[in-house]
Structure formats: structure tokens, C-alpha cells
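Features reported for this protein in TrEMBL:
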- N108, H113, E118: oxalate binding site (BINDING)
- C32-C47: disulfide bond (DISULFID)
- 77-214: domain 'Cupin type-1' (DOMAIN)
- 1-22: signal peptide (SIGNAL)
Amino acid sequence: MASSYFLLLTAVLALVSWQATASDPGPLQDFCVADNSSGVLVNGFVCKDPKDVKVEDFFLAAKLDMPRDTKTNKVGSNVTLINVMRIPGLNTLGISLARIDYAPLGENPPHTHPRATEILTVLEGTLYVGFVTSNPENKFLSKELKEGDVFVFPQGLIHFQFNPNPYKPAVALAALSSQNPGTITIANAVFGSKPMISDDVLAKAFQVEKNTVDWLQAQFWADNHN
């Protein structure tokens, strides 16, 4: 009986340990301000000596109250990400922030965040949002959001936001559960990779003619992040 309890305890501890390592490493002190001048490679950033930490390490004059230019790319959106690369004090704290501006009929195209769940709040306008679950169901869940509405995109799942209004822009604020959530924009990754994925591979995967793949790969896949 004792051995059974021991095996159960071992299994539970292993599960908890696995869950703990599946997200950003937790802080073991008040803070671990990123030392961007260090040449040491670690998972995240090396801590700055606490004696050298300044209030500016936790601050950024990001001007998130100011509208962003949504005409610099074809998708009509502009994502301003505030992560550990911009605020060193975010290191090990497992959080980041983004302002997203949408032109009329603009969108933040289908993408994933491999390291973060996202919670999005609509500040202005209306957004049509959705995400797709993993294989084999690939269930599509979508919702039209109004000002003040909140929506969650689970970590790693493909999701998007679209402004359905042809006359008015929209603005949203998103919080993400990682200091560096990462973004993989599906079209950019598949058709704009460097070097390009073989058109034989993509034609087979998407069940289209190779000339269709060649045309897609010839497009300019702009990044809407800054």
C-alpha cells in the first residue's frame, strides 16, 4: 500500500514539475532585470546585478494612448508589442502587453503565440475574432466583440482579429502570459519563409497547383509588428 502511495505521489510531482516547466521560468527573487549587455546564453536573460537596477528598467514611455499607422502593410493593422526586449524588468515575470490598431476592414491575420495565452480587450470599435482548436477536431470558435468586451486566445492556437467596419478603425489592448510570447503569422511562415519551402511540398499539403503556390510565394508578406 505504501509503495502505491509513493508511486502516485511521484506521478503527481512529475506532472506538476512538467506543468511548471511548460511556461516562463518563475522568479526566485523580487525581480531579475534582464542584462542585455551579457554574452551568456540562457533560457531568457541573465539577471542584472540588483545593485545596478534603476527605476528606468521597469518603465517605458510607450505612448500607447497614441494611434498607430495602419497603412504600412496590406493587412491594415499595427501591433505595438511591449515585451522584455523593451522593458528589461519584465524578465522572469511572465507577462507582456500589446496595443493593436486596425484600419477599417483591417485585420491581425491568423497567427499563433507559441509561448503565451492572450487576453484581448476592445477599446474602440468592433472586432470579429476567433481561434481554431488543434487536430483532429479543428473546431472554429468565433465572436463579434464590442467596446469593453474581453476574449481569450489559448496558448499556441491559431487565431485572428478582423475589423468588420468599412468606415471606422478599431483599437484593442492585449495581455500575454509570457515575457516573450513569440508570433508565428501563418501566411508569412508558410509562403514567406527564407529559404522558401519547396512548392512540391506546399502544393501537396494544400492540394493546389504548383503555380498557385509559386504565385503566393512571390507576394510580399509584410510584418505588422513594431
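A Cβ is built for glycine as well, from the same backbone N, Cα and C atoms used for every other residue.
On the structure: features taken from TrEMBL.
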residue	record	Cβ within 10 Å
C32	disulfide bond	22
C47	disulfide bond	20
N108	oxalate binding site	28
H113	oxalate binding site	23
E118	oxalate binding site	22
Cα-to-Cα gap, C32 (disulfide bond) vs E118 (oxalate binding site), nearest whole Å: 23
Pairwise CA distance, H113 (oxalate binding site) versus C47 (disulfide bond), rounded so that it is a whole Å: 25
C-alpha spacing of C47 (disulfide bond) relative to E118 (oxalate binding site), in angstrom: 26
Pairwise CA distance, N108 (oxalate binding site) versus C47 (disulfide bond), rounded so that it is a whole Å: 34
Env. residues of oxalate site, Cβ within 8 Å of mean position of N108, H113, E118 Cβ: A98, H111, T112, A116, L120, F153, H159, A174, L176, P181, T183
